[in-house]
Amino acid sequence: MSIEDVGIKPSEEYDDYIMYLKKRIRQLELQVRTLEADKERLERELSRLRMEMSRLRQPPAFAGTLIELLDEDRAIVQNYNGPRFVVRIAPWIERENLKPGARVALDQRTMAIVELLPSEKDPSVLGFEVIERPTVSYNDIGGLDKQLQELREAIELPLKHPELFEKVGIEPPKGVLLYGPPGCGKTLMAKALAHEVNATFIRVVGSELVRKFIGEGARLVHELFELAKEKAPAIIFIDEIDAIGAKRMDETTGGEREVNRTLMQLLAEMDGFDPSGNVKIIAATNRPDILDPALLRPGRFDRLIEVPLPNFKSRLEILKIHTKRMNLKGVDLRIIAEMTEGASGADLKAITMEAGMFAIRDRREYVTQEDFLKAIEKVLGSEQRLSQQIAMHEVMYG
């Protein structure tokens, strides 16, 4: 390329031409760097694809169980329902993670341990974990101050301040059993505790642990506690525990024997975990009279908390909580609390909801005393029915 090609006359100074060449050189250098960067990126992508292709071409591995570690390089493994082998351990396997009972991948040719597999769990057990923290707080519970204090001392305090128990020299409670009539706030207390404590909350209903085939219920209980240990700190909440914790009888059917196996596994798991650890268990029932005595002894459920029907003061607190966002006009909550003797917390919530529905039915934006009177009649029924409910609760719960 000459001076004439770029339009510069021979008589002109060569400085402009030199500046043009320098600018052109910078442009070419920039293009070279861009192409080199693209080349490196494509080489990395090619390397990744080759590695992926190499992995896909590898033969499948056997799944087995680690039985025993012999030394740093050898172990005894067992293929599922097969013989046992003394095999080598691949150098890239972290030895501290190899424990008896762990699931491992075995090479097809040499049977060497080439990978540590995650523990096997039933999908239903994984579904017990509550991902979203409940929105219920302690302020949403009325009339249960004493019960909340006992629950927080037994569950929340050991998780947040374990050093207090070490200084005093005692072991914290392993578990808490909440018992009382239906609708009195047992499940609500557990939800509030999960909201306040920064821990994994695992909720399961007792009937979900009852299975048709032999050994399935016991396996679910074992995997439930294994999940809690992996997710620690964790709280296991078993609602309606009487479904698996009823008293064992001498004469049983096949289904009852399976329930008894599930109960025995639960007892074994509760005996097995450390009370000073980060796993706590809460259970709830409205039939404490039918629970197996082995479940209630100290060392399993160390604290039994009764959640009774609310008295007048408690009913007034519950009504204030449920009506704090309602537009009331001329409503005396003390009268409502006096008229609802024998009602549970769930009944009181239903009464406030029905009172609001009566106001909406009349196209009003406020709730009156008359609305509450109608709601009491609808929810609790006649005085005779109400007295029958009170008598039934007294017979059942004393």
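Keep in mind that glycine also has a Cβ here, set from the backbone N, Cα and C atoms.
For 18-59, the entry in Swiss-Prot reads coiled coil, with the evidence type sequence analysis.
Gly185 (ATP binding site) falls outside any helix or strand according to DSSP and counts as coil. Sequence annotations record features per position, and here Swiss-Prot assigns ATP binding site to Gly183, Cys184, Gly185, Lys186, Thr187, Leu188, His322 based on sequence analysis.
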Neighbouring CB atoms within 10 angstroms of the CB of His322 (ATP binding site), all protein chains considered, total 21
Candidates Gly183, Gly185: member of the binding-site residues with the richest Cβ shell (10 Å): Gly185
Max CA-CA distance, Å, over listed ATP-binding residues Gly183, Cys184, Gly185, Lys186, Thr187, Leu188, His322: 17
